[in-house]
Amino acid sequence: MGEHETTSLDGSDGSRNRQMVEAIEDFAEHQSLVLGRSPATVKSYRSDLLDMAEHIPTFTQFTINKLRSWLGRSVAQGKARSTLARRTAAVRAFSKWALRRGHISADAAARLATPKLGRNLPSVLTADDAESVVTRPLAADGPAEPEALRDAAMLELLYATGMRVAELCGLDLGDVDLDRGHARVTGKGNKQRVVPFGASAADAVKQWLAHGRSPLVSANTTGDAYQALFLGARGGRIDQRQVRRIVDKIAAETGTGDLTPHGLRHSAATHLLEGGADLRVVQELLGHSSLQTTQLYTHVSAERLKEVFKQAHPRA
């Protein structure tokens, strides 16, 4: 019998036990089908727990001390604090689930401390830089290529709505109402919200649909991709990696530094708050479950105010 086929609860150190692996797979399925966690979250939790199972191969070894040792090893490996926090969340959820399923007799992870994350203020574009970014795809002379029309529409929507890149990629044709100027977005936990956008974004999407999308339709545009608002060069639904590459390219061309799709989201939120938008309205727009998350942008605005003061005030 191979090392991964051991069924004894005692198992041997350094190998993942079949019972543990099967439990992790069942847990991942429960997270996805019952709790409705996003595919990205389920994938991360599963990966974290399989890593844990290399260090803790059996449920009899699933103790607070062993869990702390595993997290300590993660620290020694130089894992980011955000990764440590996610691993802690994953093992806590798994421990509760394992207790309910009878795999363990006590919640071993209940006293596992969550690593404190540093608060990094996100970089924010100026309004002029944001304008340069969203207009860049169509800045060239001559007829616009289909990809340029698509890129312009995507950038306009990202900045206008503050939606996440995964939400942008998930948009279907029926999710966007150009006459009313809003989009139905499916966010984390499959929660839906309606986000408004202005005339510039609406015009960009109209141009993409009228002149850009059809040339990119191909034999690959079937099933799910057939309904997708944005297509990749090969005709399938565009994915997050492609969008990030496009934003990287635009950032290089406009000299806006290490811009990411999330940077456009940060910029949209900050510019709204600086323009006088209510914090709870911005919370709803961004799809934050907690107002505390949205409040980060008030700190960003304060930092930007300090920078402007230092640059402009004669007594600074």
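Keep in mind that glycine also has a Cβ here, set from the backbone N, Cα and C atoms.
Those TrEMBL annotations? Automatic predictions, nothing curated.
For reference, TrEMBL has these:
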- 18-99: domain 'Core-binding (CB)' (DOMAIN)
- 120-310: domain 'Tyr recombinase' (DOMAIN)
- Arg164: active site (ACT_SITE)
- Lys188: active site (ACT_SITE)
- His262: active site (ACT_SITE)
- Arg265: active site (ACT_SITE)
- His288: active site (ACT_SITE)
- Tyr297: active site, O-(3'-phospho-DNA)-tyrosine intermediate (ACT_SITE)
Check the DSSP secondary structure of His288 (active site), expressed as helix, strand or coil. coil
Active-site residues near His262 (active site) (Cα-Cα within 10 Å), from Arg164, Lys188, His288: Arg164
Rounded to the nearest Å, what's the C-alpha distance separating His288 (active site) and Arg265 (active site)? Just drop the number here, would you? 12
Whole-number Å distance separating the Cα atoms of Lys188 (active site) and Arg164 (active site) is 10
Near the Cβ of His288 (active site), how many other Cβ atoms are there if near means within 10 Å? 19
Within 10 A of the CB of Lys188 (active site), the number of other CB atoms across every chain shown is 16
Rounded Cα separation (Å) that holds between Arg265 (active site) and Arg164 (active site): 7
